[in-house]
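Features of the protein shown, as given by TrEMBL:
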TRANSMEM  12-36  transmembrane segment
TRANSMEM  42-63  transmembrane segment
TRANSMEM  147-168  transmembrane segment
TRANSMEM  174-191  transmembrane segment
TRANSMEM  217-241  transmembrane segment
TRANSMEM  253-272  transmembrane segment
TRANSMEM  284-302  transmembrane segment
TRANSMEM  308-327  transmembrane segment
TRANSMEM  339-365  transmembrane segment
TRANSMEM  371-391  transmembrane segment
Amino acid sequence: MKQRDVNKYLLIAAHGLAKMGNSLQDVVFILLIVGLLKGNEFQMGLVITIQFIPYLFFGYLGGVVADRYNRKTNMLIADAIRFSLALALTYLVFFNLESVALLACIAFLSTTCRCFYQPAQQAMLPELVKKADLTKYNSRFQVSENLGVIAGPLIAGVIVTVGEYWQAFLFDSMTYLVSLMLVFLINYYPLSKNGRISDSNEIRFNIFRYLNGRRKLFDTVYCSAASILAISAIIRLVIPLYITVDMNRPPELVAWTLGLIAAGTLFGAYLFGKVETTLNTPTVYWLVYGLCISMLFVSNNLFWLLGWAFVLGVSGAFVDVALICSIQKNTEEKYMGKVFSYFSTLANTGEALSGFIVGVVLMVVSAKYSGVLLGFICACIAFGFIIVRLLERKRHSTWPVESEKYMS
């Protein structure tokens, strides 16, 4: 195998391992938080918010650093720090020294590393493959990511079932160590860069005007951002609480449920690519996804929970694929990066605030009714966007003309 091919697969393998480590850590982290803060749902939501706040501060900065500095070096530093943080978690849990403040601090630092790792990794792939092969290797990249997301919760479930939490964090640290070694083996020669970075405020302002002139793109970005704000913390916080408190089931079931959701996501992504459909509007899939979330909490039956967990994963995959396809199809090539960066910032902001919102809701109603309510709100948001567009068509109204005036 040529060295160029080896580099591609080293990067893909490192990506899968990093995703597996992230998803495993997220599951065990939530189980620890639920155990430490049982009965204090507001603080749980606050901790989840702290975990995602780095996206607000470092989301754009991670892309800037990826463009200005050696991407391989960025990835190595991020993996080394995450390896150290996972070892620190192992030590704290093994000696029963964990506290909410320490866990929140480590979660904040770990997410900060993701902000710098992901842009560097995503930007490196086009430098390792030919342009004609980019779609093929992006597909393999996605498969590697999905496998990692599935494996993480499943491995967490097995370890927590037969062992201890500290063993799960020790395994987590090994995923980052192996990922670091794989990245180190990549022969990477960065392309020269002019170092010119546009002012972020100007980018956001121009992108807002750009989206305002494109109906489908506007709906895709803002409906998705609003939906993420409503339901992002459900999987990380409401489902674990629902299983362990409302259903009075063991924590291990949380890991298996999240694993089934991840398996549904993988199957859904495969199914979406195989089924020929002209229905690629994300608002419709957000409507279905919100209803699926509500349905998951309707019954306390175990088989109902597991079945709807898989269905939820499938519908979530349809949202993800339709979202990416919609942005790609409705955005000019030269503005693609700006639109994706803008949406990523909105989505990560929604994830950061979602934990706080869910914490407030959980102070009023139980996890069961929180899930039903927030899923219904997500469906209503999507339904609202759909109704507005249908009324617009009925009135034969026109959307602003798409022209270059929206970009400077």
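Placement of Cβ uses the backbone N, Cα and C atoms for every residue, glycine included.
Predicted automatically and left uncurated, TrEMBL annotations should be read as such.
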Practice task
Verify whether three or more Cβ pairs under 8 angstroms connect the transmembrane segment (308-327) with the transmembrane segment (217-241), leaving out any pair fewer than 6 apart in sequence.
Solution key: yes
Problem - Residue numbers, six or more beyond the limits of the transmembrane segment (284-302), whose CB comes under 8 Å of its CB atoms - result: 223-224, 227, 230-231, 234, 239, 242, 246-247, 249, 253, 308-309, 311-312, 315-316, 318-319, 322, 367-369, 371-372, 374-383, 386
Handout entry: Annotated stretches the transmembrane segment (42-63) and the transmembrane segment (339-365) touching (3 or more Cβ pairs under 8 Å)
Key = yes
Problem - Of 174-191, 253-272, 371-391, whichever stretch has the most CB pairs under 8 A to the transmembrane segment (308-327) - result: 253-272
Completion exercise
Long-range CB partners for the transmembrane segment (371-391) (under 8 A, at least six residues beyond its ends), listed in sequence order, are 215, 219, 222-223, 226-227, 230-231, 234, 238-239, 242, 283-284, 286-287, 289-298, 358, 361, 365
Fill in the blank from the handout: Spatial neighbours of the transmembrane segment (253-272) not adjacent in sequence (6+ beyond its ends, CB under 8 Å) are 23, 27, 30-31, 142, 146-147, 149-150, 152-154, 156-157, 160-161, 235, 239-240, 243-244, 247, 302, 305-306, 309-318, 320-322
